[in-house]
Amino acid sequence: MALCCAISNEVPEHPVISPVSGAIFERRLIEKYVVENGVDPITGKELSTDMLIDVKTTPVVKPKPPSATSIPAILKTLQDEWDAVMLHSFTQRQQLQTARQELSHALYQHDAACRVIARLTKEVTAAREALATLKPQAGITTNPAGIPQPAIAVEAGGIANQPTEQAGMTAEVIQKLQDKATVLTQERKKRGRTVPEDLISHDSIRTFHTLASHPGLHSASIPGILSLDIHGADTSKILTGGNDRNATVFNKDTEQVVAILKGHTKKVTRVIYHPDEDLVITASPDTTIRVWNVPTSQTTQMLRAHEGPVTGLSLHPTGDYVLSTSTDQHWAFSDIRTGRLLTKVADQGSSGIALTTAQFHPDGLIFGTGTSDSQVKIWDLKEQSNVANFPGHSGPITAISFSENGYYLATAADDACVKLWDLRKLKNFKTLQMDEGYEIRDLCFDQSGTYLAVAGTDVRVYLCKQWQELKVFNDHTASATGVRFGRHAQYIASTSMDRTLKLYGL
């Protein structure tokens with residue numbers, strides 16, 4: 001049987017067996033290896049020369065010892081060199097195998113590390129987003145000057161349990177409403193004779209284009225802006241309500257978030273920016289209405305006027321009272337200064353029918369509500385009675401808006417049309433029919449009553465009286481949910497389910 005050395009892969013002259021690995025070696029090769037390394041070349045375990053076991057084979061006739069000057073001496077030198085090369089080659093093969101194993105392990109560790117880094121990056125992003133909207137601990141009632149904006153809303157202590165009993169429409173309140181209506185009527189008659197000098201012309205409206213798009217006002221994890229309003233006195237401030245349960249105050253001139261109002265437990269569907277004060281009112285399906293102080297970002301009042309989701313919100317021209325509607329079939333009139341519910345009235349004519357929207361007339365003595373059964377109803381606030389109904393839509397009413405002229409009312413429903421009503425004659429005099437499947441989410445007249453904006457599948461602007469379409473903006477990637485005019489229609493703002501606030505102008 002031919003033996004083969006595990007190091008040189010040749011037939012050994014003096015074969016020995018390693019008891020550690022059981023491999024056959026040439027004695028001189030293994031002895032050299034053991035002297036240098038002290039281990040078995042196959043297993044790497046400790047090995048000494050006296051542990052080697054000789055293997056008996058047929059004796060090999062040895063040549064005479066060569067002399068230094070003879071050819072055999074040269075051959076002996078070559079043999080020694082060959083032995084050294086074999087030992088080195090064997091060591092290199094072992095090191096190559098070890099390097100391959102280490103490289104494989106390192107690649108596996110690198111892949112695992114990349115996965116961990118990706119997960120941690122995602123968690124850090126989510127944590128930063130949560131931190132940006134985190135509500136400070138209850139009891140922190142001031143916003144130190146050293147804290148950078150945007151400010152974060154805190155729950156006002158002691159306002160969570162406002163009384164829901166009706167305080168009643170006192171003679172003092174009614175007189176206040178009447179006095180305000182008289183002043184507003186006189187002012188409107190004066191304004192009605194002339195068009196504001198700074199009002200943008202309808203030819204300029206046609207040339208409006210997108211000035212800015214702001215996608216970062218609300219959370220990206222729960223996308224969608226549901227409501228919009230603009231500060232009447234400082235039209236650089238824009239208020240939005242989102243699916244992420246927050247309301248955001250944004251300054252379009254500085255392009256900075258002024259405040260994040262966090263407190264609602266469900267999405268914010270209606271928002272109002274007080275026209276004269278830095279005050280915000282928000283409503284949500286969580287059945288609450290909150291009044292916020294923007295500089296401190298605190299809830300100053302929380303109104304619990306309804307038992308169901310709040311669907312409509314409108315501020316009275318006095319700036320002291322708010323009208324709200326709900327799926328509980330009631331409309332409510334509340335004092336935003338004291339948080340008191342003044343009156344709450346059920347829609348007796350539509351038992352079990354939810355109210356979907358609400359809007360005050362510019363004079364504040366009457367208001368309109370929409371219902372889920374396609375009815376538009378006009379109410380007398382002082383008498384708390386239904387004085388007129390406007391049937392004609394099909395599907396739930398989605399939006400209503402009174403013109404500043406005092407006698408136009410625009411309404412929209414799920415029937416893809418806008419109906420214009422004359423309050424003097426109590427009849428529909430114009431219908432703006434949209435494309436089939438068009439979803440109308442908001443309506444808005446400008447402050448002069450010259451233009452009407454429609455937000456839905458796109459954003460459209462109409463010239464009142466002629467009811468001519470002036471401009472269509474369709475750069476939102478989802479349905480528009482809100483639209484408002486800046487002062488004198490200098491710009492138009494719109495929001496969308498695509499999480500963006502867009503500004504249009506010259």
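Here the Cβ of each residue, glycine as well, is placed from N, Cα and C on the backbone.
Positions annotated as domain 'U-box' by TrEMBL: 1-72. Mean per-residue pLDDT, taken over the domain 'U-box' (1-72), amounts to 84.
For 261-302 (among others), the entry in TrEMBL reads repeat 'WD'.
Annotation comment: TrEMBL describes 303-344 (among others) as repeat 'WD'. Non-local neighbours of the repeat 'WD' (303-344) in the same chain are 159, 162-169, 173, 176-177, 180-181, 184, 266, 269-272, 274-277, 279, 281-291, 350-360, 362-364, 367, 369-370, 379, 381, 384; each lies 6+ residues outside the stretch with a CB under 8 Å from one of its CB atoms.
Taking H, G and I as helix, E and B as strand and the rest as coil, DSSP gives the repeat 'WD' (355-389) the counts 0 helix, 22 strand, 13 coil. The repeat 'WD' feature in TrEMBL is assigned to 355-389 (among others).
Residues or ranges marked as repeat 'WD' by TrEMBL: 390-431 (among others). Under 8 Å from some Cβ of the repeat 'WD' (390-431) lie the Cβ atoms of residues 185, 188, 191-192, 356-363, 368-378, 437-449, 452, 454, 456, 464, 467, all in the same chain and six or more residues away from its ends.
Residues annotated as repeat 'WD' in TrEMBL: 473-506 (among others). Among residues of the same chain six or more beyond the repeat 'WD' (473-506), those with a C-beta under 8 A of the stretch's C-beta atoms are 196, 198-200, 204-205, 207-215, 217-218, 220, 223-230, 235, 238, 240, 242, 250, 252, 439, 441-448, 450-451, 453-461.
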